[in-house]
């Protein structure tokens, strides 16, 4: 039997299970693999295989995450599931597992709980754009009215965090019953609910825009001059594409962006007509002096990104065990903020009524940088002191 090769004919979407501890996220994840495996769309993953997620390090932060993949008739999915609440917080803030949408698991027997609320809030903050709900353990609820009550409660909760609660698909079922049955038939009382959930995920969570289709951006990693030809900026194209003769802007470290034209693109010492997201390139820039561009700036499609100094962010502060601070920090804390390729000093303003932030906390803060940097909502950064990472964050809004 020849090994099946991975055919990327279907659109790819990243999703994950979120919700309160013990509401059945991991059981549901296992059930999805079992049900989809009956039509050849997945390899069966047992509960304990998912639950014993390996440790990963993302920006110096230890996160336990299980990665499962499966496909429906229309799409290929990469699905993340985390064993502990802290792992979700870290995952969502560092963007270690970028989610195009999430399956919110709520126990029908208990209704929404504190972490249900916190995961919805985090999804709103870090830009998880779509949520589909699975009311799990509904085999334990005999009263139809109780199910309707939980359904209403979840919709109200989603509305309160600016998700369209009234239009959100909610499927009631039981991950455990589907897992125990495993027949995978659509007409089955329990396996059918898993199919219904996946049909809703297929229909409700849109296919994300691919990185190459977004406006061009390349963080500048290094700069050198070629005698007789001009200045070359090197880096990895983060998104979009760039062609020879395209106009671009140099953004960051100065008050205003500066326009220039890309007169050459090279990769592995070969000249190219264009480069796209993922390529490591050197871009030859017209009329730019070696001293007028530096690491920490970005090359971008004109008008697509601006330099800013003031923004709001959701941050996670590393614990002592993770190599972070041993002590809390206070209002006016001045660490370095590492964006893409460079460190910039900034001042932290804590929310009203918050005196201090302890290692292990996650919190919303305002930051004022001393130098403008090309930033936008959704951009991830590290917080450092003397080159050592003490926190991670994501930009949730630009203040000016």
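In case you wondered, yes, glycine gets a Cβ from its N, Cα and C as well.
Per Swiss-Prot, the feature domain 'tr-type G' maps to 10-209. The region 'G1' annotation in Swiss-Prot covers 19-26, and the record cites similarity to another entry as its basis. Look at Swiss-Prot and you will find 19-26, 81-85, 136-139 tagged as GTP binding site, backed by sequence analysis. Annotation comment: Swiss-Prot describes 26 as Mg(2+) binding site. What Swiss-Prot records for 60-64 is region 'G2', and it gives similarity to another entry as the kind of evidence. Swiss-Prot lists 81-84 with the feature region 'G3', giving similarity to another entry as the kind of evidence. Positions annotated as region 'G4' by Swiss-Prot, on the basis of similarity to another entry: 136-139.
On the structure: features taken from Swiss-Prot.
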residue: 19; record: GTP binding site; DSSP (3 states): strand
residue: 25; record: GTP binding site; DSSP (3 states): helix
residue: 82; record: GTP binding site; DSSP (3 states): coil
residue: 138; record: GTP binding site; DSSP (3 states): helix
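Comparing local CB density within 10 A for the binding-site residues 25, 85, the maximum falls on 25. Sequence-distant contacts of the region 'G3' (81-84), counting only residues of its own chain at least 6 positions beyond either end whose CB sits under 8 Å from a CB of the stretch, comprise 16-17, 21, 25-26, 29, 50-53, 63-66, 68, 91. For residue 26 (Mg(2+) binding site), the spatially nearest entry among the binding-site residues 19, 82, 138 is 82, judged by CA separation. Annotation for residue 138 (GTP binding site): spatial neighbours 108, 147, 172, 173, 174, criterion Cβ-Cβ under 8 Å with sequence separation of six or more. When pLDDT is averaged over the domain 'tr-type G' (10-209), the result is 92.
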